[in-house]
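Lifted from Swiss-Prot, the feature list:
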DISULFID  Cys7-Cys44  disulfide bond
DISULFID  Cys24-Cys40  disulfide bond
DISULFID  Cys27-Cys53  disulfide bond
MOD_RES   Ala75  alanine amide
Amino acid sequence: RYVFEECPGVMGNRAVHGKVTRVCEDCYNVFRDTDVLAGCRKGCFSSEMFKLCLLAMERVEEFPDFKRWIGILNA
């Protein structure tokens, strides 16, 4: 699963990766569209789709935490 990720910082940060991935998986489960899942994960979760998924999952107030975690995964 981790081999094909776009995020260089996945190894050693699997718990963080799991938290961020969960948003995309939940978003996919709501919309049932593989383009949503791919778009959410695009660019190591730095896509506009990820932000839209946070909004759809009613987790916008957690955006600062997710922004920090995505920064860790992109390190």
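Using N, Cα and C of the backbone, Cβ positions are placed for all residues, glycine too.
With a 10 A radius on its CB, Ala75 (alanine amide) counts 9 other CB atoms from all the protein chains. Cα-Cα distance from Cys53 (disulfide bond) to Cys24 (disulfide bond): 7 Å (rounded to the nearest whole number). Fewest other C-beta atoms within 10 angstroms, among the disulfide-bonded residues Cys24, Cys27, Cys44, Cys53, are seen around Cys44. Fewest other C-beta atoms within 10 Å: among the disulfide-bonded residues Cys7, Cys40, that description fits Cys7. Ranking the recorded positions Cys24, Cys27, Cys40, Ala75 by the distance of their Cα atoms from the Cα of Cys7 (disulfide bond) places Ala75 first. If you take the Cα of Cys27 (disulfide bond) and the Cα of Cys44 (disulfide bond), they are about 16 angstrom apart, rounded to a whole number. In the three-state DSSP scheme, Cys44 (disulfide bond) falls into the helix class. Reported as a whole number, the C-alpha separation between Cys40 (disulfide bond) and Ala75 (alanine amide) equals 19 Å. Here the Cα atom of Cys44 (disulfide bond) is found 11 Å from that of Ala75 (alanine amide).
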